[in-house]
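Annotated features, as they stand in TrEMBL:
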type	residues	note
TRANSMEM	20-43	transmembrane segment
TRANSMEM	55-73	transmembrane segment
TRANSMEM	85-103	transmembrane segment
TRANSMEM	123-145	transmembrane segment
TRANSMEM	157-179	transmembrane segment
TRANSMEM	191-211	transmembrane segment
TRANSMEM	223-245	transmembrane segment
TRANSMEM	257-278	transmembrane segment
Amino acid sequence: MKAASKSLILLFAKEKLLVIMGMMGFVLAAICAVYVALFGGIILPEGNVESAFSFNAAIAIFILSIAVLLQVSGLSPRGRKRIRWGFVFTVLIGYGIETIQHFRGINPRYTQVGTTTDVLFGTFFGIMSLVLITLTIIVAISFFRRRDEEQYPFLTLSIRYAFLSTMVSFAAGICMSVLQSRYTGAAGNFIVLHGLGFHALQTLPILGWLTEKAKIDSKRARVLIHVGSVSWMISILLIGIQTFLGRTIFEMSVLPILAVIALLGWLAALIVSFLDALKDNQALWINGKGYQ
């Protein structure tokens, strides 16, 4: 486990530029959080610094995930360089428009009171979102095209599932752009579906990483990944249906309850994988081989 942690740090070290972008997002999120704590989140007429906080923190987590995944994507060094700078360009623009506009009291996407320039910034923001989607799809395709899976077969499988979930998140984002709002129906909120889909880039690869460290047989490892990943995707599907029906997922009804049960399926697979990895590394330590 110690060596595994070192390898993860090395992966971050190889993508210093993307890591800097991630850290920048956390700094901006912290600034927004301090402002909200001191003065409240609303800045008239349309600004909401809490939204800027959420956006900056979410993009920071996303870009750090990409920084790790890019190193095991199978893309050529030249391809990674292009993708890297593409992400840097779009993320910087996203941070700037989202944060500055909210602090100016302007909705960065769907302004109703801003100037023509603000509307153009909102349109440009939407275009940059499409660029971000395109870059992510290119990275995702590289994992589905890989044939040399001998080194990280289980991690690669979990990452494929993660990117499938991310596509659902992008679909939710497109719906918000078309509706010019995160809300639909009486109480539906696409932002929950959007966020949960993106978090698959953390929750599912960690499942694959643990099965790699556990040194268990291939069949058991694949079962754990399939069970955990499919459970996560079923949860997203159920939340998506609930949202399209215009209903909140925070109600005691059939679909939200089934979604929670599905998430418990992912959690169970994660716990089993963690215990398998822990047991394997404890055995190595007892035998005097140390952590690997």
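For all residues, glycine too, the Cβ spot is worked out from N, Cα and C.
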Result, the transmembrane segment (85-103) in contact with the transmembrane segment (223-245) (3+ CB pairs under 8 Å): no
Stretch-level contact, the transmembrane segment (85-103) and the transmembrane segment (157-179), CB cutoff 8 A, at least 3 pairs: no
Top partner of the transmembrane segment (191-211) among 55-73, 123-145, 157-179 - counted as Cβ pairs under 8 Å: 157-179
Residues from the same chain, set at least six apart from the ends of the transmembrane segment (157-179), whose C-beta lies under 8 A from its own: 69, 72, 109, 126, 129, 133, 136-137, 139-140, 143-144, 149, 190-191, 193-198, 200-201, 203-205, 207-209, 211, 222, 225, 228-230, 232-233, 236-237, 240, 243
Same-chain residues at least 6 beyond the ends of the transmembrane segment (123-145) whose Cβ lies under 8 Å from its Cβ atoms: 66, 69-70, 73-75, 79, 83, 86-87, 89-91, 93-94, 97-98, 108-109, 156, 159-160, 163, 166-167, 170, 173, 177
